[in-house]
Amino acid sequence: MENGMTLAYYGLGAGILAILFALYLFSSVLKEDMGNEKMREISQAIFEGAMAYLNRQYKTLIPFALVVFVLLVVGFGYKEGDFGYGLKVGVSFLVGAIASALAGYAGMTSTTKANARTTQAARKSLNAALNVAFRAGGVMGMSVAGLGLLGVSALYIIFKDVHVIDSFAFGASAIAFFARVGGGIYTKAADVGADLVGKVEAGIPEDDPRNPAVIADNVGDNVGDTAGMGADLFESYGATTMAAMLLGLTFAKNHGFSEVLGATFPLLLGAAGIVAAIISTFFVRTSEDGNPQMALNIGLWSTNFITAIFTYIIAQYVFGSEWAPKIFIAVVSGLVVNVAIGSLTEYYTSNLKPPAQKIAEASTTGPATNIISGIAVGMRSTYLPIIVIVAAIMVGYWAAGFYGIALAAMGMLATAAMVVAVDSFGPVADNAGGIAEMAELGPEIRNKTDKLDAVGNTTAAVAKGFAIGSAALTALALFSAYTDLAKTNPNLQKYLVNGKFDLNITDPWVLVGLFLGGTVAFLVAALTMESVGKAAFDMIEEVRRQFREIPGLMEGKARPDYARCVSISTAAAIRQMIAPGLLAVGAPLAIGFILGFKALTGYLAGVTATGVLLAIYMANAGGAWDNAKKYIEAGNLGGKGSDTHKAAVVGDTVGDPFKDTSGPAMNPLMKVAGTFALIIVPLLLF
């Protein structure tokens with residue numbers, strides 16, 4: 001028992017190591033030159049806008065978190081007859097929520113402090129700019145993995161009870177849903193407003209300082225792709241670790257191991273992934289004429305490879321020679337999903353591949369055919385990723401039952417530090433290009449930042465695929481843990497047959513839950529899509545007003561009111577994220593307590609299956625529309641300004657909320673359902 005608990009300290013140590021490495025990376029970024037006064041001014045405006053949004057978002061969520069904390073303390077205190085137990089559950093929830101918020105702050109601060117420094121570094125060399133942007137992204141990556149592993153390990157060491165700390169994952173999930181949805185609404189409202197009025201109506205280039213929405217657009221890159229994606233993967237990391245620890249107890253008990261060993265092995269996997277990511281960070285570099293994409297790919301591949309080696313060594317140590325190969329195979333199946341989904345996402349969204357090029361060709365006959373082609377590409381893109389995910393589920397289950405499925409998810413998420421680093425590289429590079437344009441640094445610098453931005457677009461698409469795949473496996477791991485934990489509820493014993501739940505697909509209650517789960521996924525997608533439309537309308541009206549009422553703005557003689565546009569996006573995002581958030585949390589609560597365990601189980605299956613398909617479809621359709629436009633802008637099919645290009649801009653505008661708001665909202669929706677069900681299943685009455 002003591003030896004097993006000692007292993008948890010390795011997780012604690014690795015979490016601390018990740019945070020220390022994040023601080024080292026951040027300090028190295030701050031040592032870089034920020035450039036001239038104009039660059040500093042623009043960077044500061046982006047930083048202030050990003051912080052204003054984050055502060056307002058988290059202040060809005062404080063009352064929600066406190067209410068949930070009180071309900072958890074009272075609910076579990078009453079059920080167990082021990083309010084000390086309820087307090088532990090409530091504290092675990094708050095730790096998860098606070099850790100998620102801290103990761104968001106760390107990443108947002110790093111990326112917004114690095115943008116001008118990346119632009120200035122591009123004056124020296126492409127490699128210098130790559131290093132600054134990647135180190136800034138690394139701060140977010142290490143913060144996500146480090147705070148996640150540190151939080152779970154510390155709570156387990158202190159409370160010594162996995163069931164008590166389930167709520168850590170729910171705390172992370174609750175914050176992640178609002179961060180993902182709010183961030184997606186913010187970034188797309190600003191993006192659509194900047195593009196439609198600036199590029200289409202006014203005919204000015206992207207990132208032109210005359211565009212009133214240009215600062216809000218650059219803030220949005222960080223809000224959506226840094227804070228939003230980071231919160232999403234922090235949620236997956238925490239939830240998967242918790243589910244794997246819970247299932248590890250049962251696996252160890254059934255196979256003659258110490259229960260603590262089964263629970264602490266996922267912490268060791270997380271530690272292995274962090275060490276692998278730190279080592280791989282030093283492999284990311286390129287030459288002046290080199291390929292930045294290859295440099296980042298080497299970082300990802302080496303992280304996967306080193307994690308796999310560490311996994312076998314740890315599995316051999318913890319489980320011995322009989323089980324080590326199967327445990328290793330389960331974990332590696334997750335690593336394979338990581339690589340496979342990334343490659344598939346790149347294929348369906350890259351402007352160098354047939355799907356996006358076919359959408360571009362369809363644009364020659366107008367916006368309608370562009371939209372039809374994009375929808376078809378998105379739908380077609382679902383089947384191969386699903387086959388990959390299903391294969392990992394089967395391999396994981398064959399290897400170690402439900403514990404194997406959770407370990408497959410852990411294998412995928414063990415590399416989260418590097419994946420988040422590579423994803424957060426994108427907004428830094430995008431902002432760096434915007435600053436180069438607004439500070440009028442000339443085409444040579446802009447060409448370098450554009451090269452990094454193009455890589456950032458690809459890594460963002462790959463990271464979206466990773467987020468979807470990890471969310472799917474996380475949801476399944478949570479589902480497995482939920483059914484395992486349900487066996488401990490005396491009120492649900494009547495559904496057990498030979499130690500397993502008898503839940504037939506033809507049972508009306510299960511079917512009701514299935515349909516409700518699928519419906520909620522579509523409803524959240526609709527609400528978030530409408531939210532972008534409403535927020536974008538406000539932004540478009542404001543940008544038009546400024547062009548109309550500010551004398552000399554179009555001629556570049558007057559300065560736009562950037563702060564007004566930032567304020568509009570912030571207010572709209574905070575206001576519009578509340579309804580989808582309440583639905584995501586309220587649906588499983590209502591179904592569980594009104595319709596019962598069978599319906600809640602069906603709901604989890606329905607929201608997961610529908611959510612995964614919607615997420616893949618929307619993310620890939622949006623990415624393909626975006627890159628079809630870029631393919632035309634590269635000089636193909638008439639190039640910029642042609643009717644074909646205008647049709648592609650319409651498709652890209654439709655695709656924006658697909659890939660950056662509604663699609664990504666499915667990830668936390670699935671996980672919120674799973675983590676909340678895990679919390680309430682001991683309290684269900686029937």
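Glycine is treated like the rest: Cβ placed from N, Cα and C.
Of the listed candidates (D626, D643), Swiss-Prot assigns D626 to the same Ca(2+) site as D652, D656. Mg(2+) 2 is bound by N218, D221 in Swiss-Prot, and the record lists one more residue there from D430, D450, D453, which is D430.
Closest to N218 (Mg(2+) 2 binding site) by Cα-Cα distance, out of the recorded positions D191, D225, D652, D660, is D191. Below 8 angstroms of C-beta separation, residues 5, 8-9, 11-12, 14-19, 21-22, 25-26, 29, 88, 92, 95-96, 99-100, 102-103, 106-107, 110-111, 165, 168, 172, 226, 230, 233-234, 237-238, 241-242, 245, 263-264, 267, 270-271, 273-274, 277-278, 416-422, 424 of the same chain, each at least six residues beyond the ends of the transmembrane segment (139-159), sit close to that stretch. Most Cβ pairs under 8 Å with the transmembrane segment (459-479) belong to 666-686, among the candidate stretches 6-26, 294-314, 386-406, 509-529, 666-686. Summary of the Mg(2+) 2 site environment: with the site residues N218, D221, D430 set aside, the chain residues having Cβ atoms within 8 Å of the Cβ mean position are I46, N115, D217, V219, G220, N222, P427, N431, G434. Around the Cβ of D660 (site 'Important for ion transport'), the same chain contributes G184, T187, K188, D191, G224, D225, G622, each under 8 angstroms and 6 or more positions distant in sequence.
Annotation for the recorded positions R180, K659, K671: lowest Cβ count within 10 Å of the residue's own Cβ, K659.
Below 8 A, the CB atoms of the transmembrane segment (165-185) and the transmembrane segment (294-314) form no more than two pairs separated by six or more positions in the chain, fewer than 3 in all. 231-251 is the stretch from 89-109, 231-251, 294-314, 509-529 with the greatest number of Cβ pairs below 8 Å to the transmembrane segment (386-406).
Of the chain residues outside the Ca(2+) site list D626, D652, D656, D191, G622, W625, K629, G651, T653, V654, G655, K659 have their Cβ within 8 Å of the site's Cβ mean position.
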